[in-house]
Amino acid sequence: MFKGVLFDLDGVIADTSTLHFDAWKKLVNNYFSAKLPDSLEEKTKGVSRGDSLKVILNYLDVSVSDTMFQRLLVEKNQTYLASLENLSIKDRLPGITEFITELKQHEIKLALASASLNGPAILDKLELRDAFEAIADPSKVPYGKPAPDIFIAAAKALELNPRDCVGIEDSSAGITAINHSGAYSVAVGTHPELKAANMLLASTAELNLDTIRQAYPHN
Ligand code: G6P
Ligand code: MG
């Protein structure tokens, strides 16, 4: 049986995933009078703020000065934070409350392995901070997802080997990261690129201990 669960945040615990992309779309509209196609959303999911901006600038085929790059990051985050103003317990994704309760009952440890620098503040708004034994700091790992660093750091913060952990993700970058960390990957969502996961669930509502325990290979 696994001893820890390493959670992604946006799109797994919180209904915030589209808010990130909405903020990028607004920024791009304001600064470049351009529209981002929905297909770009998957390429920014799980990807750090700076790396997401690089993906977007690359799509737009524009280059900006370092000062402008930083200004765009600040402004995107301001728009994103404004959209979180009313975030509360109601924005936990379906099944998350029950799944976390189940994990706690079985004394399985929880760590956050999100690329978001806003992770701790969002857990506070969702009233979930106390449920987590550890929050891996994305600013302290050398490489962001799809590199495995944040999942390795999250397992380490729980004093566990990644092999003894399950990682949960809604992004393809995140599934690649979990797979390379050595943890057992569970994807939630329907995007075709999630097929690389060890276990694929259509939504967070399907997360439950028994389903994962039965498939987990190191029992
Ligand atoms: C998550 C989201 C990404 C976002 C990243 C950084 O991984 O899926 O869309 O770019 O966090 O979030 P932040 O809140 O630090 O800008
Ligand atoms: Mg996510």
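Placement of Cβ uses the backbone N, Cα and C atoms for every residue, glycine included.
These figures come from a predicted structure and were not determined experimentally.
Lifted from TrEMBL, the feature list:
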ACT_SITE  Asp8  active site, nucleophile
BINDING   Asp8, Leu9, Asp10, Trp24, Ser52, Lys76, Ser114, Ala115, Ser116, Leu117, Asn118, Lys145  substrate binding site
BINDING   Asp8, Asp10, Glu169, Asp170  Mg(2+) binding site
ACT_SITE  Asp10  active site, proton donor/acceptor
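Annotated features taken from TrEMBL, shown on the structure.
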{"residue": "Asp8", "record": "active site, nucleophile", "contacts (Cβ under 8 Å, 6+ apart)": "Gly46, Ala113, Ser114, Gly167, Ile168, Glu169, Asp170, Ser171, Gly174"}
{"residue": "Asp10", "record": "substrate binding site", "contacts (Cβ under 8 Å, 6+ apart)": "Thr16, Ser17, His20, Lys45, Gly46, Ser114, Ser116, Asp170"}
{"residue": "Ser52", "record": "substrate binding site", "contacts (Cβ under 8 Å, 6+ apart)": "His20, Trp24, Thr44"}
{"residue": "Asn118", "record": "substrate binding site", "contacts (Cβ under 8 Å, 6+ apart)": "Asn77, Tyr80, Leu81, Leu84"}
DSSP three-state assignment (helix, strand or coil) for Ser52 (substrate binding site): helix
For the binding-site residues Glu169, Asp170, the one whose C-beta sees the most other C-beta atoms within 10 angstroms: Glu169
Listed recorded positions with Cβ under 6 Å from ligand 2, out of Asp8, Asn118, Asp170: Asp8, Asp170
Densest Cβ neighbourhood among Ser114, Ser116 (binding-site residues), 10 Å radius: Ser114
Recorded positions near ligand 1 among Asp8, Ser52, Ser116, Asp170 (Cβ under 6 Å): Ser52, Ser116
Secondary-structure category, per DSSP, in which Ser116 (substrate binding site) falls: coil
